[in-house]
């Protein structure tokens, strides 16, 4: 899928249905590359991605180190928008594989390492940089023993520094194991998405071509000291004698100035019963198992039930009882009762008074709806399988495209809320512009600062200037116009009328024993309790290079987060009204939006206790910058959920009161 921007998922789904209907029995694949079948002895070339490290979080080009170059020169693979934003740089490599041919091959011998190359190799080895190699779109996998437990990793290290040694050693010999599945048949239907799917092989037609499918790619990295003179007459891909990984350090290849390094590799093909649609299962296994995710969900359900009970009491026992008693009285008794009223009924003339900074509130609600809509649609389609891990960058690309087109919803919501508060459409154009520019403006500002840091470090994670202009063009050519269109539709929509009149003179708010904002900040702990376990897995996926593909669990957690945010905001709004505090607008937003504060603090906690290997101020700055953007987006989305629920609750509550 690299090389093209992915369009909206809905047309893809329609295309799938159309193909299923019109082409029964014929092979089809959607979307992207199809299942590859290789013949005996066919050449396959591995590809290499950027070097990555969990210590620095700054990717670098594979060929920034003195590795062997491909015979035809370095050629970059076409990349989509998501891959570019993630810092991926996929190049061809000199590693050649011949299907079902076991062999040991020579690659090249470098010139004597100069001072810069030796210093760079040592630094990359000490910073735990990994080589990310792919064969038939499968990342290479290695297994390592840690505390008696076999741990699986993708990629292999550039080098290593043994304990108690002052020298660094380079990985220069790779022992590859390629798992292949043999099959026969031509009528193969791929029912799924991304670059993977589930294959259904017709039993009635198994004639035609037979072939081999790559279903696994494993490596054992070694450091082997070789005499360059023994390989001086060999050409690339000439056969050599196989070698075992040495145990003694004196047999390993040290990184030293003027040292010539010989690169070699072994290839072993092993037949496997793993079918092509299941080849990603080994990468997507949950390390902690499903029990942790189910524990998170059960924990969230308990919070939801607790809050639901409080909301139930508010609605059925308090609000409905008060309203029923009030409506049963005659007018004289109501007038007398109005003088004795207490609680939320006293703020009837102030509850819909215009909040402070109404324009900013409308902008944040509009952007929150846009982010929330993007998140829900992305997770739903990921759960359905439309965001395959084989399609690198597709998830991020899909999120960007969705965000751009949901600008029309953001404009509509912000302008309609503005009309509700102000009673007029005046100023809707400037409001729509600000809605289109507020969140993206914050994103661009932070990313530009981080990008200058990456540029200074010569990292492939730095966005090229051409991509900056591409993103700006997408922003101004798609998102901004659609937001203005949405704002125009908001001016034409039916105006929401408040059920009660607002007094000219604001009512004095009674003094409280403790600041009301303290309760608002404390309310964020409940939504945070529903997602903190899943947040750990997401952060591990982002910063430790692990696959995250339990979108079903994530969808459940998201739905529960929406429910908890709504319940928390309603309860807090009712509590504020009961103490005659009619300034509920912003408090309703931050009651649920304050969860972002705890997400950011948890991210810092994760940095200190789980990313202890992260080194240097540059790496910490990148981590904190990206964590801030994540928390800011969460604040807008969750705050919007709480505010929209609270305004509906307050409207319903005071619409039920009879006021003359």
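Backbone N, Cα and C atoms are what each Cβ position is placed from, and that goes for glycine too.
It is 430-455, from the ranges 326-351, 430-455, that TrEMBL records as transmembrane segment. In TrEMBL, the transmembrane segment annotation falls on 517-543 of the listed ranges 490-516, 517-543. Counting same-chain residues at least six beyond the ends of the transmembrane segment (517-543), those with a Cβ under 8 angstroms from any Cβ of the stretch are 54, 57, 292-293, 295-296, 299-300, 303-304, 307, 550, 553-554, 557, 560-561, 564-565, 568-569, 572, 575, 587, 590-599, 602-603, 606, 610-611, 614, 623, 626, 638. By the Cβ criterion (distance under 8 Å, sequence gap of 6 or more), the transmembrane segment (467-489) is not counted as touching the transmembrane segment (624-654), fewer than 3 such pairs being found. Stretch with the most C-beta contacts under 8 angstroms to the transmembrane segment (394-418), considering only 430-455, 549-572, 584-604, 624-654: 430-455.
Nonlocal intrachain contacts for the transmembrane segment (430-455), taken as residues 6+ away from its ends with a CB within less than 8 angstroms of a stretch CB, comprise 58, 359, 362-364, 366-367, 370-371, 407, 410-411, 414-415, 418, 461-463, 468, 471, 475, 479-480, 483-484, 486-488, 618, 621-622, 625-626, 628-629, 632-633, 636.
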